[in-house]
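Colleague: Quick one: the structure is below, questions incoming.
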Amino acid sequence: MAEGGAADLDTQRSDIATLLKTSLRKGDTWYLVDSRWFKQWKKYVGFDSWDKYQMGDQNVYPGPIDNSGLLKDGDAQSLKEHLIDELDYILLPTEGWNKLVSWYTLMEGQEPIARKVVEQGMFVKHCKVEVYLTELKLCENGNMNNVVTRRFSKADTIDTIEKEIRKIFSIPDEKETRLWNKYMSNTFEPLNKPDSTIQDAGLYQGQVLVIEQKNEDGTWPRGPSTPKSPGASNFSTLPKISPSSLSNNYNNMNNRNVKNSNYCLPSYTAYKNYDYSEPGRNNEQPGLCGLSNLGNTCFMNSAIQCLSNTPPLTEYFLNDKYQEELNFDNPLGMRGEIAKSYAELIKQMWSGKFSYVTPRAFKTQVGRFAPQFSGYQQQDCQELLAFLLDGLHEDLNRIRKKPYIQLKDADGRPDKVVAEEAWENHLKRNDSIIVDIFHGLFKSTLVCPECAKISVTFDPFCYLTLPLPMKKERTLEVYLVRMDPLTKPMQYKVVVPKIGNILDLCTALSALSGIPADKMIVTDIYNHRFHRIFAMDENLSSIMERDDIYVFEININRTEDTEHVIIPVCLREKFRHSSYTHHTGSSLFGQPFLMAVPRNNTEDKLYNLLLLRMCRYVKISTETEETEGSLHCCKDQNINGNGPNGIHEEGSPSEMETDEPDDESSQDQELPSENENSQSEDSVGGDNDSENGLCTEDTCKGQLTGHKKRLFTFQFNNLGNTDINYIKDDTRHIRFDDRQLRLDERSFLALDWDPDLKKRYFDENAAEDFEKHESVEYKPPKKPFVKLKDCIELFTTKEKLGAEDPWYCPNCKEHQQATKKLDLWSLPPVLVVHLKRFSYSRYMRDKLDTLVDFPINDLDMSEFLINPNAGPCRYNLIAVSNHYGGMGGGHYTAFAKNKDDGKWYYFDDSSVSTASEDQIVSKAAYVLFYQRQDTFSGTGFFPLDRETKGASAATGIPLESDEDSNDNDNDIENENCMHTN
C-alpha cells in the first residue's frame with residue numbers, strides 16, 4: 001500500500017484499467033471525471049507505456065479530483081455545453097469512482113457528477129450514459145411566475161417529477177393534484193401516465209410543467225380535460241381510493257376543451273395534442289409554419305423546413321401517395337413509422353391552420369430509431385437529413401424482396417455500359433420516391449500506385465458533400481515569459497500554420513518579440529503545473545483552444561551547452577494538518593516556471609537564483625527583523641546579468657553579504673532568519689526529516705550558513721518520489737560531491753512555502769499579472785469568398801488516399817494508397833449540396849466560415865457531367881440550411897422558397913418571416929437544396945411516370961424528343977441530367 005493507506009500505483013493502474021472496460025447496464029450509475037485531471041493521474045501511475053518515466057513523480061501528482069473544467073461557473077452540477085466524451089471527460093463506473101475518491105479525494109466544494117445509464121433505440125437496443133440531464137421548469141398553477149428549475153434523467157418517471165414538485169412547493173400528501181405541460185402562448189397539455197418516463201413522454205429541455213391542486217369544492221382551477229382516447233385518464237395524484245371509483249371519477253368528466261383568454265386545452269388527435277397556432281390565427285399561408293424548439297432541436301427544425309419546401313416530396317405526402325407505398329416489412333426500414341410521422345407533420349405544416357407546430361412526436365420517433373438524436377444536445381443538421389432521407393427511402397421502398405447482386409468492376413468496358421448496369425442494379429434493390437427525387441450517379445476511379453491497376457465503379461449518391469478550401473492558418477494566444485525576472489509575462493496572438501509544429505509557433509512568436517526561436521521552450525500549464533513541455537517537432541494540432549500556452553525564454557544553446565540544465569519549477573503550499581488520506585501535505589499554487597541553472601551548483605546558490613527569479617512578486621520586507629537575523633539579497637545587481645536567466649550565477653548568500661559597500665548593496669533587503677530552516681546537503685530542503693519543511697537538529701547540525709531563515713524549501717523529484725537515499729545513491733540524476741549539487745534534464749523542483757510566509761511575502765496578484773501585446777487585438781483580414789463551382793472542382797480533383805484509408809488492390813493483393821478521382825455522371829431532380837464546414841482531428845474541432853458564393857438561379861452543372869450525352873442541366877435554389885456559431889455549438893435556421901407563392905421566407909424555429917434573395921448567400925449557408933429547372937411546371941409539379949423508369953439516367957439518352965413531348969408538359973425531362981424518370 002502507498003502512503004496514507006492508498007493502493008500502490010501498480011494496483012491503482014490495474015484496478016482502473018479493468019473498471020474502464022465495464023459494460024454499460026441500464027440503471028447503473030457512472031461518474032464524469034475531467035479528462036485533464038485523468039491524464040495527470042495516468043502520468044502519475046504510469047498508465048501508458050510512454051508515461052512510465054514519470055510514475056510516482058510528485059511533480060505530476062494529480063491532487064484531489066478537480067472537475068471544475070466541466071462545470072459552468074457558480075453551479076456545482078450544471079455542465080458546460082457541448083462536452084465530448086474522452087476529449088473533455090472520462091466516464092467511470094461507481095466502483096472506479098469510489099476508488100479514485102478514496103485515493104485522492106474530491107476537490108473541496110465540488111460534488112460528484114453522477115449520471116445514469118439509459119437504454120435507447122426501439123428495435124436495436126443499446127445503453128448510453130446520459131451525460132446531459134433534462135432541465136425542467138416547475139411551477140404551481142396559482143403562481144406561474146415562481147419557477148423552480150430541476151434536472152432529471154430521461155429514465156425518471158412522471159411520478160418522480162410529481163413527487164419532486166410536491167416536495168418543492170410543500171403540497172400535502174392528501175391533496176389531489178395533476179400535472180400539465182405548458183407551451184408557448186399559454187397552451188397546456190395534461191400528463192396522463194405517471195409511469196411514463198421523461199423520454200417516453202417526450203419532455204424536452206426547458207419544458208415548463210405546472211402542478212394544479214384540486215379546489216376544496218372538488219373542481220379543478222383549469223376545469224375538466226378530455227382524455228386522449230377512450231379509457232385514458234389524466235395524470236392526477238389522488239387520495240387512496242379504489243380503482244373503480246377512480247375510473248368513475250374520470251368517466252364523469254365532460255369531454256370538452258376548456259378555453260379562456262389565458263389558456264386553451266387541445267383536442268387529442270395525432271398531432272393536435274401538442275401542435276398549436278397562436279389564438280386567433282387560423283388562416284395561415286400553407287407551408288409558412290414554424291417549428292417549436294424542443295431544446296437544442298433547431299438542427300431538426302432547419303432540416304424539416306428544407307424538406308418541407310422541396311415541392312415534389314411535399315406533394316407526394318400531401319396527396320397521400322405515400323400510403324400506397326409504405327413498406328412495413330423492410331428489415332432495413334422503420335416499419336413505416338418514420339414515413340407516417342413525417343407525413344402527419346407535413347400535413348400540419350401545410351394545413352394553413354397553424355403559425356407554428358411542436359414536432360415532439362416526430363422527434364420522439366426519430367429518437368427511437370436513431371438513438372443519437374434521442375437527447376436534447378445540439379446535433380448536425382446534415383447528419384439528420386442523411387438519416388431522414390435514408391429512413392424515408394427504406395420505409396417507402398417499392399422493392400419488397402431485395403435480390404442479391406454481384407457487383408462487377410468495369411474491366412475496360414465503356415462507361416455508358418457500366419453506368420447503365422450500375423443504375424439497373426441499384427433500382428433492383430432501391431426504388432422509392434427518395435430515389436426518384438434525390439439519387440444521382442457518380443463515377444469513381446482508383447489507380448494503384450504499384451501495378452497501375454485501374455478500377456472504375458459507378459455509385460449512387462443522395463447528396464454531394466463538397467469540401468471547402470481549408471484555412472491554412474490558425475491563431476493561438478500564448479504568454480511569453482522573458483528571462484528578465486522584473487518583466488511581466490506578455491500575451492501574444494500568433495498566426496501559425498494549421499498543419500504545423502511547435503517550431504512554427506516559436507518562429508511566429510520570434511517575429512513579434514525579437515527573441516530567437518531556438519531560445520524558446522513551449523509549455524502547456526494546467527492546474528499550477530506543467531501539463532506538457534513540447535518538443536519543437538510536435539504537431540500544433542495537439543494544442544487545443546482552451547489550453548494555457550506559456551513560452552519561456554532560455555538563453556542557452558540546448559544542443560551545445562553542457563554546463564547548464566533546464567529545470568521545471570512549481571510552487572507548493574504546505575499544509576500544517578492534512579486531512580487527505582493520500583497527499584504529500586501540500587497543494588500547488590501560482591504559475592510554474594522554467595529556469596536554466598549550472599549543472600554543478602550549491603544549495604545556497606540555487607536558492608538565491610530561485611529567489612531572484614521570483615523577485616517581481618516575492619516582496620522582501622525592508623525592516624530589520626532583529627529576532628530572526630537577516631540574509632541580505634541584492635535587489636538589482638543580479639538582475640539582467642550574464643546568466644541564462646538574466647541573473648548572475650556567481651552570487652551566493654555568503655558572497656552577497658560582502659563587507660565592500662556599493663550603491664546597489666546599500667539597498668539590501670532582509671529575509672527572516674534561516675536557523676530554523678537550514679538544509680542538510682542530502683535533503684536539499686526536502687520533506688524527509690520534517691513534514692513542515694523545517695530541519696531537525698541533527699540534519700541542521702554543522703550546516704548552518706548563518707542565522708538566516710529561508711522563505712521556502714525545495715525538493716527534487718525525478719523518476720519517483722525522491723527520498724534522501726535516492727538522492728545519495730542515484731548519481732545519474734541528483735547528487736552531492738564536495739557540497740556541489742549535481743542536476744540533469746530529468747530533475748524537477750518543487751518549492752514548498754509555509755502558509756504564513758507565503759501570505760506575508762508572496763504577492764499572488766503580481767505573480768498572475770501580465771501585459772497584452774498589440775497582436776492580441778489582431779483581427780484576421782476578411783477572407784475572399786469562393787464560388788460553389790470551386791468547391792465542385794475540388795470535389796472532382798484527384799487525390800491520394802491516406803495511410804489510414806487505403807484501397808485493397810485485387811492485383812497486388814495488398815492495401816495501397818491509391819489515387820482516387822470522383823466524377824459526376826448523372827444528377828437528380830433535386831440536388832442536395834452539403835458544404836463541409838466542420839473538420840475534426842484527434843485534438844481539434846474547427847468550423848470553416850468561408851463565404852461560398854452560390855447562385856440563386858441558373859446553377860449550370862453541365863460542365864461537371866462527364867456523360868458524353870449530357871445536355872443543359874440547370875438548377876434553381878429552393879432551400880438553404882444555415883448554421884450560425886462555432887464548432888462547439890450554435891444555431892440553425894433555414895431559408896426556403898414557398899412552392900405556392902414563389903416567395904422566399906426565413907424560418908427560425910417557431911418564427912417565420914419574409915426574406916429577400918440578397919439575404920440568402922452568407923457564411924452561415926451549410927446545406928443547399930437545388931431543384932432542376934425542367935422539373936418545374938406549375939405549382940410543385942413533378943412527374944412520377946412509373947412507365948419511364950429504366951437506365952436512361954445512366955445512359956443519358958432521352959426517352960423522347962422535345963417534339964414528342966410538346967403535347968404533354970408532364971413528360972418534359974432532360975434525361976441527360978435525370979437518372980430514372
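Note that the numbers count up from 1, one per residue, in the order the chain is shown.
Including glycine, each Cβ sits where the backbone N, Cα and C put it.
Residues or ranges marked as N-acetylalanine by Swiss-Prot: Ala2. Residues or ranges marked as region 'Mediates interaction with SART3' in Swiss-Prot: 2-223. The feature domain 'DUSP' is assigned by Swiss-Prot to 7-118. Sequence annotations record features per position, and here Swiss-Prot assigns compositional bias 'Polar residues' to 226-237. Positions annotated as phosphothreonine by Swiss-Prot: Thr226, Thr602. Marked as phosphoserine by Swiss-Prot: Ser229, Ser242, Ser961, Ser965. Residues annotated as active site, nucleophile in Swiss-Prot: Cys298. As annotated by Swiss-Prot, compositional bias 'Acidic residues' applies to 656-673, 960-974.
Please go over these features one by one and say how buried each is and what sits next to it.
Modeller: The DSSP breakdown of the domain 'DUSP' (7-118), given as helix, strand and coil counts, is 45 helix, 21 strand, 46 coil.
A helical conformation is recorded for Cys298 (active site, nucleophile) in the three-state DSSP classification.
DSSP gives Thr602 (phosphothreonine) a coil state; it is part of no helix or strand.
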Colleague: I need the CA-to-CA distance for Thr602 (phosphothreonine) versus Cys298 (active site, nucleophile), whole Å please.
Modeller: 66
Colleague: Among the recorded positions listed here, Cys298, Thr602, which has the most company in the form of other Cβ atoms within 10 Å of its Cβ?
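Modeller: Counting every other Cβ within 10 Å of each candidate, the maximum falls on Cys298.
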Colleague: Can you work out the mean pLDDT of the predicted model over the domain 'DUSP' (7-118)?
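Modeller: Taking every residue of the domain 'DUSP' (7-118) together, the mean pLDDT is 85.
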